[in-house]
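As given in TrEMBL:
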DOMAIN    7-117  domain 'DUF6535'
TRANSMEM  34-55  transmembrane segment
TRANSMEM  86-109  transmembrane segment
TRANSMEM  121-151  transmembrane segment
Amino acid sequence: MQQAVTLLSALANQPVPVAPPQGPSLPASAVVRINIYWFLSLVLSLSAALVGIVCKQWLREYERDVSQSAKQALGVRQVKFEGMEYWRVGSIVTSVPLLLQLALALFLIGISELLWHLHRAVAIAVTTVAGLTAAFYLATALLPLLQYVYLSLKTDRRFLSKHVFTAPQCPYKSPQAWLILR
């Protein structure tokens, strides 16, 4: 009997393991999608960093000044310039911001989906800011196209009138705007 009392007393004094509180569970398909968004975002961000570093090395080599006569330096510079053009280094440099923008979009999509499964109020706030960011991005990409179309119509004699509004040149020239204009 004494052993039973001792055993019960020992058990009563031991801390009871407490299970962590369970939050809302996410559907397996949502977990997979969110992980795809976030890991693609991470890989694209790191890839953009790597491409940026490599491009900086190329540009540093391009600008490296080797002590030569003016005539030789001009010839070397022209050879380097033609190489940069032929190998489309400018297009590679232009891709770095696009990679980062795509990474940001994937991250925001993933965080928005996660938050819709966890807490509606937080999801609304974050999705609103992400939506405004996307609207700004799309507007600045599309405005040069709209101005181009408007100016094309304005120069067509069929659409000319006395009161044609002429806006100053749209300054939002970015890689995504040029992609749309092509």
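All positions are counted from 1 along the displayed chain.
Cβ atoms are placed via backbone N, Cα and C, with glycine included.
A quick note: this is a predicted structure, and the numbers were derived from the prediction, not measured.
Each residue in the domain 'DUF6535' (7-117) has a pLDDT score, and their mean in this model is 90. Taken through DSSP, the domain 'DUF6535' (7-117) splits into 89 helix, 0 strand, 22 coil.
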